[in-house]
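Heads up: the structure comes next, in structure tokens.
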Amino acid sequence: MQSPGTPPSKPPAHAGALAEEGRSAPDETTALIKAEARSQCLPAFLVCDFTANLEKHFGWKLLFLLWTSQHLLKGFTFSLLLKATPYFFRHYKVAAPQVQIFSGVVGLPWAMKPIVGLTSDVAPIFGYHKAPYIIGASICSSFAFMVLSFWTATSISVGVVCLVLVHLQLSTADLLTEARYAVEMQKAPEAGPDLMTYVWAGINMASLLAMLVSGPLISEYGWRAAFFCTSIPAALVLVPIVLGCLEETPRSQEELTAIRRHYLEHRETCFLCLIMLFSTFTIMIVGLVQHDPRINFAVSLVAALFTLLCFSFCLTPVIAKANAFAVLYTGLSASVSGAAFYFYTDTPEMYPAGPHFSDVFFNTVLGTVGTVFSLLGMLIYQRYLGGLPYRMLIKITAVVMFLFSTLDVMMFARLNVKLGIPDHWLVLGLSICEQMVYQWQWMPQVLLNANLCPRGMEATMFALLAGCHNLGTTVSSNFGAALLHVLNVKPRGVAGEEAQFENLWIAAAISSILPLVTAVCLSHLLPDCRQNEKIGAVADPTHNSLLRQWLSR
């Protein structure tokens, strides 16, 4: 469904969806799945004994750092930002295909995590690996928020660049603070699940708060007020950094030389980080200067295929094949969320036959319901689906998602009105079902990425795999833009644009069937094992790769 509810990550057909996975160790990621389920049953981080135990193991500085960087920034700021961004595009009367292109550009900083991680490791500033990068990104983000909130003469291109800077702060702080608490969990593994409960319960609570305030805030005060509200917690992340909560010590020249030598021993991964940087910058520049959706799709597709080819050439086969499936499955899920936003929220003057959802219903009601039931989806996955084989689960969820997506097609064709099914109830029901099913697709992917990370290279490899997934998200946005352009679906939030929605149901139908075809035809690329079984042949990320085979001749 082109659900107005805010997704936890990136459902391909959901309004305003953006990709975002981080860099973490396997123990952390596995604990994450268990902790997310636990955190919904008991808000343990509010219990004094629980927080006291965490402070004993990890100290108040780490807890304060995670409260600002994960709860406030990743939970509240990111969620409210996703809600406000479509209204920013509507203000500038941006056509749906161009919204898709800009959305893909805005999400690219999440695909740049590998190069950010590599740079912070090998090029510390004044001997510090993390703090200077978070401070620099946060200062740029604060400036960008001020431009978005108060400068009424902002052009659309300047606004998009500002959004890129905001997402750069989000992805940088997420990556580097995740690396920080991953190290601490290795020192106290017995308290690791409790720390993950603290992190993810806080993120979910903050996201839920953002859902609750987004509708009334945007309805009463507009999207600029929403951007201003997100700027406050985004700036607060500087407080624990200045107070030294990262607890970094300057690296000596000897230590830095050892770190750089370690990376030189793994040239392939460094090369892949640079390839990711090249691909994301290419797509970003073309997206900002070129307004033909077909050209943008062609460039992003070529860049993604080139990146995928390099990964497949440099990595061990089991990792390369799983990564190829993730990129193709995500990239071929053509997103049409840009047009869906206008479909749902256009006024009677703009689209007389539309649903005419209010800002409060579209953001607060559907966002809150979607968040709650996505958490229920996590619980169901943890209890009943965690032992299924990867291949079986992806096929089952693809079929279920396709069946629900056909109801999207029915709604965009307005068949539900002819059948007497109210728009509000249909969208509410679909939002509940699809958010749950999406969790069943997303969580195995997180677990698979963690299990594919060789010991000693967990952080770098996880960042690379997640970066590829996020690159696929941008391809999906540009694919949807080209599809909408060809079908002449170009609403922009102006009066009398009902003709722009005539072929939206066709775009939705294509968007619905492609993931199913991909899952059925390419699921053999996934490891042939259950999710709770260890995946062999990943001790060395480049063992028996095509590159190694060629060099050994």
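Just so it is clear, glycine is given a Cβ too, placed from its N, Cα and C backbone atoms.
A TrEMBL annotation is a machine prediction, not a hand-curated record.
Now, the feature entries from TrEMBL:
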type	residues	note
REGION	1-23	region 'Disordered'
COMPBIAS	1-11	compositional bias 'Pro residues'
TRANSMEM	198-219	transmembrane segment
TRANSMEM	225-246	transmembrane segment
TRANSMEM	269-289	transmembrane segment
TRANSMEM	295-319	transmembrane segment
TRANSMEM	326-345	transmembrane segment
TRANSMEM	360-381	transmembrane segment
TRANSMEM	393-413	transmembrane segment
TRANSMEM	504-526	transmembrane segment
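Packing against the transmembrane segment (504-526) from elsewhere in the chain are residues 2, 12-13, 321-322, 324-325, 328-329, 332-336, 339-340, 343, 390-391, 394-395, 397-399, 401-402, 405-406, 408-410, 412-413, 448, 480, 483-484, 487, 489: each is 6 or more residues past its ends and has a CB under 8 Å from a CB in it. Below 8 angstroms of C-beta separation, residues 2, 4, 10, 12-17, 19, 86, 89-90, 96-100, 103, 301, 304, 307-308, 351, 354-357, 359, 362, 394, 412, 427, 445, 465, 468-469, 471-473, 475-477, 479-481, 483-484, 489, 491-493, 497, 500-501, 504, 507-508, 510-511, 514-515, 518-519, 522 of the same chain, each at least six residues beyond the ends of the transmembrane segment (326-345), sit close to that stretch. Residues of the same chain lying 6 or more positions beyond the ends of the transmembrane segment (198-219) and with a Cβ under 8 Å from any Cβ of it are 6, 32, 35-36, 39-40, 43-45, 50-51, 54, 63, 66-67, 70-72, 74-80, 83-84, 87, 181, 225-226, 229, 358-365, 367-368, 371-372, 375. Note on the transmembrane segment (393-413): residues 1-2, 13, 329, 340, 343, 355, 385, 423, 426-427, 430, 433-434, 437-438, 440-441, 444, 501, 504-505, 508-509, 511-513, 515-516, 518-520, 523, 526, 531 of its chain, located 6 or more positions outside it, place their CB under 8 angstroms from a CB of the stretch. Taking pairs at least six residues apart, the transmembrane segment (269-289) and the transmembrane segment (295-319) share three or more Cβ pairs below 8 Å and count as touching. The list of residues near the transmembrane segment (295-319) in space but at least 6 beyond its ends in sequence, with Cβ under 8 angstroms from a Cβ of it, reads 101, 104, 268-269, 271-272, 275-276, 278-279, 282-283, 286-287, 327-328, 331, 452, 461, 464-465, 468, 471-472, 474-475, 478-479, 481-482, 527, 535-538, 540-547. Sequence-distant neighbours of the transmembrane segment (225-246) (same chain, 6+ residues past either end, Cβ-Cβ under 8 Å): 61-62, 64-65, 68-69, 72-73, 76-77, 80-81, 83-84, 87-88, 130-131, 134-135, 138-139, 141-142, 145-146, 148-150, 166, 169-170, 173, 180, 213-214, 217-218.
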